[in-house]
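Visitor: According to Swiss-Prot, the record shows the following:
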- 108-316: domain 'ATP-grasp' (DOMAIN)
- 135-194: ATP binding site (BINDING)
- GLN274, GLU286: Mg(2+) 1 binding site (BINDING)
- GLN274, GLU286: Mn(2+) 1 binding site (BINDING)
- GLU286, ASN288: Mn(2+) 2 binding site (BINDING)
- GLU286, ASN288: Mg(2+) 2 binding site (BINDING)
Amino acid sequence: MKVLLVGGGGREHAIGEALVKGGAELYVVSNHRNPGLMRLAKDYGLAKETNVEDVIKFARKWGIELAFIGPEAPLEAGIVNALEEEGIPAVGPTREAARLETNKAWAREFMERNNIPGRKMFRIFDDVQEMRKWIDEYGKPVVVKPLGLTGGKGVKVVGYQLKDNEEAKEYAEHIIRKDGKVLIEERTDGVEFTLQVFTDGKKVIPMPLVQDYPHAYEGDVGPITGGMGSYSCSNHLLPFITEGDFERALKTLEETIEAMRKEGYPYKGILYGQFMLSGEGPVLIEYNARFGDPEAINVLAVLDDNLLEIAKGIVEGSLRKAKFLNKATVVKYIAPQGYPQDPIKGIRIEVDEEGIKNEGAKIIYAAVDENLTLLGSRALAIVGVADSLEEAERIAENGVSYVKGPIFYRKDVGTRESVEKRIEIMKKLGKEFEPNLC
């Protein structure tokens, strides 16, 4: 089956690998040549991923039978709508359904309208004075969010990126003047986690839970990035998450998909809920209308099923199952020095693939070209899969040593110390649970 994959990051390399393993004849459109995908693809179209016309032309040329959309920007550009008009089914929501991610205000209002569990208190402002007055009256720490896509880097939280509510008002004013509107939310304290599901618009199949490390530097400090790494556990939960917490988070996504169908925006593809586990339970931080990056790499590394068959089930409305191995995973992203604010670009790195393989680790390429030249974003990920988290972390850590150049990574991704730190946060919030160190 001829399958088109849109996107060329680490997430897409992992998707492409799984599709080819499932028997797909792969064709890729991306704005750079990912060396991992180049080995997998029958043909590779270089084009802007949001240029719908170019993507459609490429799909026509090769007689594509199914498309799989990796990143969020093409979804916002209406790539799925255009492909479907061409008679090409796509794994990914339409432009209208993708608003769950692409328009944060719409998503919050949708949750409110449909009484979706895990909601946060929020307000949307287009008037600077009203916004300032409301924040003063509210008096508690807030979160400030632009309404559209920011690559995970536009959200600022009081007590983290913002010193206090005074700074929050300044930042919110800047967004109103730039975009016309701003979203203000209550701050929720706790530990974040990711739940991703496959859905055909009715049936919902959860994937193992994953925890991401968004901060650039060890100890969870520094600027927010696209994600410096992530881990998952062999029991598909996380050390601080009970079966009950998981069920509640899943209910949020199930009710979301049901409400989208009722509102006339059937949602098919991957839905990813970014949750905060608070003392009271899981609260939805935001929806994403596609796989997470790095989180896709974790779950696809343990997918014990055929991704091509799952993709067909999604587009045909006949989704049945998705099995995952009971293994732990650790993904460590390697980024250019200076990332995310001022990354080094244009310099080649050295990758000893044989050495990485001999350690039992796996390499996933991201923002490097076919010559392994740094393109300015996260360059590649090293993946460890094992029976225990400790062993998976050791494999990934050993694999990293075979990559040389002006790069950095977070040593603490998936380590026992960093996991225990998260368990401690939940205990301080009064959460009662029996931690498992997977």
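Keep in mind that glycine also has a Cβ here, set from the backbone N, Cα and C atoms.
Fair warning: this is a prediction, and the values are worked out from it, not measured in the lab.
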Visitor: By CA distance, which of the binding-site residues (GLN274, GLU286, ASN288) lies nearest to VAL143 (ATP binding site)?
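Guide: Closest by Cα distance to VAL143 (ATP binding site) among the binding-site residues GLN274, GLU286, ASN288: GLU286.
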Visitor: When a 10 Å sphere is centred on the Cβ of ILE175 (ATP binding site), how many other Cβ atoms does it contain?
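Guide: I count 21 other Cβ atoms within 10 Å of it.
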Visitor: On the 0 to 100 pLDDT scale, where does the domain 'ATP-grasp' (108-316) sit on average?
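Guide: The predicted confidence over the domain 'ATP-grasp' (108-316), as a mean pLDDT, is 96.
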Visitor: What is the Cβ neighbour count of ILE135 (ATP binding site) at a 10 Å cut-off, with all protein chains included?
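Guide: So the number of other Cβ atoms within 10 Å of ILE135 (ATP binding site) is 22.
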Visitor: Among the binding-site residues GLN274, GLU286, ASN288, which ones place their C-alpha within 10 angstroms of the C-alpha of ILE175 (ATP binding site)?
Guide: none
Visitor: Around the Cβ of ASN288 (Mn(2+) 2 binding site), how many other Cβ atoms lie within 10 Å? Please give the count over every shown protein chain.
Guide: 22
Visitor: Sorted by position, what residues of the same chain at least six away from GLY159 (ATP binding site) have a C-beta under 8 A from it?
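Guide: In sequence order, PRO141, ARG187 meet the Cβ cut-off.
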Visitor: I'd like to know which of these binding-site residues, GLU167, GLU286, is least surrounded, judged by other CB atoms within 10 A.
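Guide: Comparing Cβ neighbours within 10 Å for the binding-site residues GLU167, GLU286, GLU167 has the fewest.
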Visitor: So if I draw a 10 Å sphere around the Cβ of GLN274 (Mg(2+) 1 binding site), how many other Cβ atoms end up inside it?
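Guide: I count 19 other Cβ atoms within 10 Å of it.
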